[in-house]
Amino acid sequence: YKVFGGLHAVIGLGKKLTPDRPRILIAMIAATILLLYPSAWMQLLIILAAGLFGLKMFSNMQESKVQPFPVTFSKKVGVASLSLLTGLLIVLPILARNIDHALMQIFDTFFRVGSLVFGGGHVVLPMLEREVVPTGWLEANEFLAGYGMAQAVPGPLFTFSSYLGTMIEGVAGAVVATAGIFLPSFLFLLAALPFLNELRKRPAFQGVLTGVNASVVGILLAAFYDPVITSSIEDGGDFALAAFLFALLHFFKVPAWAIVLIGVAGGTVLSYL
């Protein structure tokens with residue numbers, strides 16, 4: 001399920017964010033670069049470059065027709081939230097290097113990953129994989145098994161962090177990992193909302209956002225290939241099962257929980273062949 005559940009997400013996001021050739025091109029270039037040079041910082045560079053390209057190409061788009069956000073707090077709150085986010089990004093790695101405690105390491109890791117993600121939960125997958133598997137916290141098969149289960153339950157894919165935290169340090173690890181990965185988004189939301197209504201009226205901002213959104217599709221495509229495809233498809237049987245599950249999910253709209261059960265049964269059968 002984790003294989004073509006991810007493909008289902010790529011297709012859905014691609015239809016929405018890359019409806020024309022220029023945006024498809026941005027997505028393909030982003031995916032290619034990230035597959036050649038996989039790192040969190042490369043994701044940021046790709047997003048920045050796509051934003052600049054969008055500023056040049058899409059700034060003549062019409063203003064957004066959506067309703068303004070009902071912002072109920074001041075710009076001072078936004079500045080304070082951004083300052084706290086920046087401060088934690090600087091201080092937490094220093095604390096993690098000097099405090100030899102698993103929960104401190106977990107919070108630093110998940111906060112940093114949560115701060116660098118743009119584009120939704122599936123994009124976080126390769127970043128988390130590079131943080132928890134090479135360090136020995138989890139085996140690769142444990143990581144991907146948790147990813148598959150996380151897609152079968154309601155709610156944001158960031159809840160995958162709860163599974164990872166539990167595997168690393170029990171219930172306390174789950175609480176710390178979940179708090180760490182969600183906190184940056186909360187702070188960024190508080191920082192952005194006081195200014196967002198004004199920004200959304202500017203064609204330049206709309207152009208930047210259009211380019212960034214297109215690059216996110218490419219980043220998601222790269223995340224789908226590595227580590228999901230590279231770690232899950234080993235032979236023709238695996239591919240056939242994954243394709244069958246994708247058809248059930250995408251074309252026949254079978255519920256996610258049923259897809260997982262069918263996948264488990266199919267994987268068990270394949271293991272005996």
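Using N, Cα and C of the backbone, Cβ positions are placed for all residues, glycine too.
Annotation source TrEMBL lists transmembrane segment at 24-57, 77-97, 109-128, 171-196, 208-225, 245-270.
The transmembrane segment (77-97) makes no contact with the transmembrane segment (24-57), as judged by fewer than three Cβ pairs under 8 Å among residues 6 or more apart in sequence. When each of the listed stretches 109-128, 171-196, 208-225 is scored by C-beta pairs under 8 angstroms to the transmembrane segment (24-57), 208-225 comes out highest. With a cut-off of 8 Å between Cβ atoms, the residues of this chain six or more beyond the transmembrane segment (208-225) that come close are 6-7, 9-10, 13-14, 17-18, 22-24, 26-32, 34-35, 38, 43, 46-47, 49-55, 57-59, 61, 118-120, 122-123, 125-126.
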